[in-house]
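A.B. asks: What follows is a single structure, and I will ask about it in a moment.
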Amino acid sequence: MSEFNYRNGTLWAEEVSLEKIAEQFGTPTYVYSRAHFEKQYQIYADALGDHPGLICYAVKANSNLGVLSLLAQLGAGFDIVSGGELERVLLAGGDPSRIVFSGVGKTAEEMRRALEVGVHCFNVESEAELGRLEAVAAECGAKAPVSLRVNPDVDAGTHPYISTGLKENKFGIDIEIAPEVYRRAAASPHIKVIGVDCHIGSQLTEIAPFLDALDRLLILADKLADQGIQLEHLDLGGGLGVRYRGEEPPQAGDYLAAVMERLGERQLGLILEPGRSIAANGGLLLTRVEFLKRTEEHNFAIVDAAMNDNLRPALYQAWQDIVPVTPADGEAELWDIVGPVCETGDFLGKHRTLALQPGQLLAMLSAGAYGFTMSSNYNTRPRAAEVLVDGDKTYLVRARETLADLVRGESLVPARLTTREED
Ligand SMILES: Cc1ncc(COP(=O)(O)O)c(C=O)c1O
Ligand SMILES: N[C@@H](CCCC[NH3+])C(=O)O
């Protein structure tokens, strides 16, 4: 059951009405449910059970410190892709020994810091990156724990922009040449080979591509074992989808059960990096209708949230449900819900059947993942506030940006000493 529900015709987040949240914190505001994040994380943790391994929440999905701290309190691990995400996890009280460091372009500085705090594993995505890590580890007098992220060439059956496990994608090392790279890594005094990793894409709605990739990884792990390279864990990445619009993605518990069965008797730990399946349906974007504008072609509802607040519709033509916080009187009509940004691609939803009136509050659902984290200041718009609801309590986990925040670090250029005519 969702943590966002109607009570007497008004939408609530857990025990707090969204009308009250809008009144207290203004709009646009991201609203998160603590119960949802905890429940979704716990499904993964319970399914892993006593099997050695880690559930490493993918920080990029929602990196708010409030969210990270509640997951850290539950004992979660974290999947990070930058030095910035590493510092966020540390600030939130996350355990560095439960961090896996993914990403195709790690800098030497990021590697140094990750070695210093003692991350669990570097997911290395290329031979060049392995070379850099080896050099940095040597300089620090350390031995870097490594998985190679292999590209298993599996079609994840998802949007092409978020498919990552095909040969044509930039991610990972071709599985065919991986044994050679493993031999090089295993021979290095500054690298400790501990695992193998893949991540084939995001918003997958079938288990089959995951199992396909897993089978290929297991063949590789067995081949490496024959050559004396014994892996400790297998990291299957994230990618499990959620329901945005009628999809029926597998439940995390069923997915993990299928994976565990495939692992069989092998002494291999398991790491997963779920992002969306923990966060997406734990959040919504609260926005208010500014104007209604009818043209010959379309009805536009201009709201105070825009593509800078949630880029997913503009970037992937993604659908997220948009519902009234309190239904308005009158006939439902067809509306395009658009923001104030100067782009035709600035929309939150098209062709929505709603009864609307100016001033009305709307909620864009399934916005807990890749919502705020992909937001920007385009059109010099302050980024939204973020509020975490826990039962009947609300926590402002990120204050709305101010105009002063937006110009911080910028400067004016001095006036020219000479005028044009004198030049
Ligand atoms: C390496 C890696 N791990 C984990 C994730 C999280 O994926 P998702 O949010 O689909 O679970 C991503 C993003 O797709 C990723 O690139
Ligand atoms: N940002 C994407 C998913 C990409 C996942 C990151 N590797 C989305 O909103 O659907």
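Here the Cβ of each residue, glycine as well, is placed from N, Cα and C on the backbone.
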A.B. asks: Which of these, Tyr182, Tyr370, Tyr378, does TrEMBL say binds pyridoxal 5'-phosphate at the same site as Gly239, Glu273, Pro274, Gly275, Arg276?
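C.D. replies: Matched candidate out of Tyr182, Tyr370, Tyr378, per TrEMBL for pyridoxal 5'-phosphate with Gly239, Glu273, Pro274, Gly275, Arg276: Tyr370.
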A.B. asks: Give the residue from the recorded positions Lys60, Arg276, Arg312 that has the most other Cβ atoms within 10 Å of its Cβ, counting over every protein chain displayed.
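C.D. replies: Result of the Cβ crowding comparison: Arg276.
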A.B. asks: At a 10 Å cut-off from the C-beta of Glu343 (substrate binding site), count the other C-beta atoms across all protein chains.
C.D. replies: 14
A.B. asks: Give me the largest Cα to Cα distance among Arg276, Arg312, Tyr316, Glu343, Tyr370, the residues the record lists as binding substrate, in Å as a whole number.
C.D. replies: 27
A.B. asks: Roughly how many Å lie between the Cα atoms of Arg276 (pyridoxal 5'-phosphate binding site) and Glu343 (substrate binding site), rounded to a whole value?
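C.D. replies: Just about 27 Å between their Cα atoms.
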